[in-house]
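In TrEMBL this protein carries:
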DOMAIN    B:1-154  domain 'KARI N-terminal Rossmann'
DOMAIN    B:151-293  domain 'KARI C-terminal knotted'
BINDING   B:ASP159, B:GLU163  Mg(2+) 1 binding site
BINDING   B:ASP159  Mg(2+) 2 binding site
Protein chains: 2
Amino acid sequence: MRVGLRPGSSSAADARAHGFTEADGTLGDWLEIVAASDLVLLLIADAALAAHHEEVFAALQPGATIGLSHGFLLGHLREIGSDFPPGHPVIAVCPKGMGDSVRRLYEQGRQINGAGINASIAVHADPDGTATDQALAWSVALGSPYTFATTLQSEYLSDVVGERAVLLGAVHGMVEALWRHFRIAGDDPVSAYERSCENVTGPIARTISAAGLDGVRNALDDTGRAVFDRAYSAAYGPARELVAEIYDEVADGTELRSVILAEARLAQRPMSPIAGSPMWAVAPQVRERRGTREAAIDPLTAGVFVATMAAQVDEFRHRGHPWSEIVNETIIEAVDSLLPYMHARDVAYMVDNCSRTARLGARRWGPRFQAAYEQIALPRATDEPDVELVAAFTAHPVHAALATAAKLRPPVDIGVPA
Amino acid sequence: MRVGLRPGSSSAADARAHGFTEADGTLGDWLEIVAASDLVLLLIADAALAAHHEEVFAALQPGATIGLSHGFLLGHLREIGSDFPPGHPVIAVCPKGMGDSVRRLYEQGRQINGAGINASIAVHADPDGTATDQALAWSVALGSPYTFATTLQSEYLSDVVGERAVLLGAVHGMVEALWRHFRIAGDDPVSAYERSCENVTGPIARTISAAGLDGVRNALDDTGRAVFDRAYSAAYGPARELVAEIYDEVADGTELRSVILAEARLAQRPMSPIAGSPMWAVAPQVRERRGTREAAIDPLTAGVFVATMAAQVDEFRHRGHPWSEIVNETIIEAVDSLLPYMHARDVAYMVDNCSRTARLGARRWGPRFQAAYEQIALPRATDEPDVELVAAFTAHPVHAALATAAKLRPPVDIGVPA
């Protein structure tokens with residue numbers, strides 16, 4: 001195992017701290033490492049991959065395997081009318097969580113059998129018949145307790161759509177909309193935060209992780225369930241409309257063109273952070289109170305959040321994704337990786353500090369979700385519930401799919417140290 | 001003059017009411033009318049033009065002139081890799097206001113010399129040397145008191161960007177952000193509406209129409225001007241960032257691809273209206289109070305609005321648009337056509353009832369402006385002002401350009417009957 005870095009990379013110190021050195025040949029210039037490897041794992045940032053993939057391809061040994069950690073490069077190559085070079089196996093092993101969770105669960109796996117992060121594998125090109133074995137071996141080496149098969153295209157679509165929708169973009173828009181909603185209804189800033197952001201990243205995420213999507217509704221008393229059903233009925237439609245729009249734009253390549261245009265603008269002028277929004281000012285106060293009080297599930301917030309998850313599940317199903325991918329990219333990655341991280345740091349911090357592609361996507365689509373909740377869903381959240389829609393939710397096949405996947409969940413604490 | 005309509009068009013009754021009849025040949029099937037005309041004015045909806053332009057082109061007489069009222073079709077043809085048919089003059093006469101204003105000012109022109117709406121003309125193809133004369137004649141016939149030259153591409157860009165930014169999208173996002181801002185700060189719903197939406201569509205628009213962009217700042221006392229300068233300083237940057245992003249997406253064709261994707265989805269499922277947002281519930285109360293009290297300019301709202309206009313002016317200038325186009329597409333069309341209409345009906349009504357391309361654009365970008373004001377501008381609106389930015393505003397060349405254009409303003413009431 002050798003680490004290749006671009007000249008001047010800020011990760012060099014980190015690599016040395018983990019025992020990789022120029023002296024023994026385990027650390028070096030990226031193109032030299034590429035030229036010396038039979039399996040090349042391309043783990044650099046999307047923008048760097050878009051800018052430099054031709055140099056990388058040119059440096060490959062004949063027949064060396066191209067390994068990816070998600071499908072972005074495929075989307076980019078299609079957009080520019082290019083392709084992977086022929087004669088090379090192309091595989092992907094895609095952990096269903098952020099890098100921080102991948103590493104932490106891997107470390108926990110030293111002590112606890114079964115720890116590690118779920119991953120999907122994709123075999124995109126298999127010229128010598130070894131691609132599937134290589135992908136499985138890499139996934140096992142990563143400590144994945146549960147590996148499922150998909151295609152690079154399907155992975156790309158669900159990954160990029162998911163981070164714009166319920167994994168990040170929709171969460172940001174939702175907590176901004178709900179915080180303002182509760183503030184205008186008379187809550188003080190801290191209570192409004194506890195009923196919106198804290199609720200989603202705390203009790204709602206934990207309940208889904210332990211008891212499934214329907215576990216949230218089941219945890220409520222009759223009064224709470226009535227509020228949940230109304231909120232669910234009001235939010236499902238506008239959320240579904242937006243997930244479908246995002247899906248169309250990602251599948252068409254429009255979203256990627258936007259990212260590339262943004263990269264060009266950002267070379268001139270940095271992105272303004274969004275963490276100045278007034279709700280984040282009270283986050284430290286809320287975190288301080290955590291030890292002394294357990295926030296209960298807010299039924300309005302729960303209805304809006306679960307409806308958005310269900311909308312993404314249904315849209316992914318409608319577009320033909322396999323169940324393993326649907327539950328991992330919509331639910332498990334959210335409640336076991338991203339929401340616990342946001343619980344520790346807050347949502348705005350995550351938006352301002354995630355990958356460029358995800359950050360741009362969350363900023364493009366988060367406000368659309370906010371507006372859809374404020375202008376369409378919340379004004380209808382006191383109307384009678386749509387009984388057919390609620391019945392479709394309680395009888396939804398996703399509950400069985402998630403329960404099956406949950407049996408394979410690592411038996412460790414997924415939480416993030418503060 | 002003959003009117004051609006698609007079979008079953010709901011406009012047939014309207015055409016008959018204005019004296020066009022099948023009997024005398026002045027009303028008929030659109031493709032038959034096209035085949036019988038030497039100047040064909042294509043005034044159908046953008047989506048219809050995108051779907052049917054090939055049939056229209058095929059029906060044209062040799063050498064007949066193609067007349068457009070804005071540049072959308074050029075953008076669409078470029079996007080699909082097509083072009084106008086050779087051998088035909090292609091001209092555009094583009095009124096700087098919505099259809100309602102075009103008609104009303106034309107009617108007023110019967111009594112009042114100089115009434116009519118400003119228009120730009122563009123000559124895109126001139127195979128026989130008559131195109132400019134035809135465009136000028138059409139503009140005069142429309143009653144345009146002030147006609148300026150541009151190109152179809154420049155018109156298209158400023159038109160489509162403008163409606164997504166300060167003409168409509170930014171106004172919607174801004175009033176949603178400001179209403180919630182004032183509500184959270186303690187205002188009752190009616191006062192919050194008067195300080196946000198009512199302020200923009202009423203006193204701010206009227207002051208700019210009568211006294212220019214700097215007239216708003218000059219109308220404030222010292223305390224008000226200090227608030228204005230801080231708000232202007234906080235809002236200019238994020239607004240400029242967004243106008244640049246919209247411009248990139250429109251120029252690249254990405255925005256048009258989104259519209260086409262949306263049209264396909266909307267064939268399955270109608271767009272949800274956005275007028276349910278709680279602020280619009282108090283609009284009738286505010287309108288009722290209009291006779292009894294004159295709302296003063298709110299300096300915070302004024303600073304945010306004028307900064308957004310200035311950002312669009314600067315971005316258009318940066319991209320090379322002529323001054324006539326900049327002041328018409330950014331300021332005059334807003335304060336003399338669209339904002340008076342929104343004052344009479346309200347902003348959400350306008351978003352839900354404008355052309356499909358504009359409606360989709362306002363829904364895509366309005367929430368982005370809302371988020372930028374809420375998350376970036378308003379949290380900084382109490383910081384010290386950026387004195388250089390404010391000095392650049394007070395000395396801005398746009399004031400002289402607008403004053404020159406204002407001399408040609410029709411001497412009539414631009415207001416909309418309630």
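Backbone N, Cα and C atoms are what each Cβ position is placed from, and that goes for glycine too.
Bear in mind that TrEMBL entries carry predicted annotations, made automatically and left uncurated.
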### Query
Can you tell me the three-state DSSP label for B:GLU163 (Mg(2+) 1 binding site)?
helix
### Message
Considering every residue in the domain 'KARI N-terminal Rossmann' (B:1-154), what is the mean pLDDT value?
### Response
92
### Message
As a quick check of your reading of DSSP, tell me how many residues in the domain 'KARI C-terminal knotted' (B:151-293) are helical, how many are strand and how many are coil.
### Response
113 helix, 0 strand, 30 coil
### Query
How many neighbouring Cβ atoms, not counting its own, are there within 10 Å of the Cβ of B:ASP159 (Mg(2+) 1 binding site)?
26
### Task
Let me know how many other Cβ atoms fall within 10 Å of the Cβ of B:GLU163 (Mg(2+) 1 binding site).
25
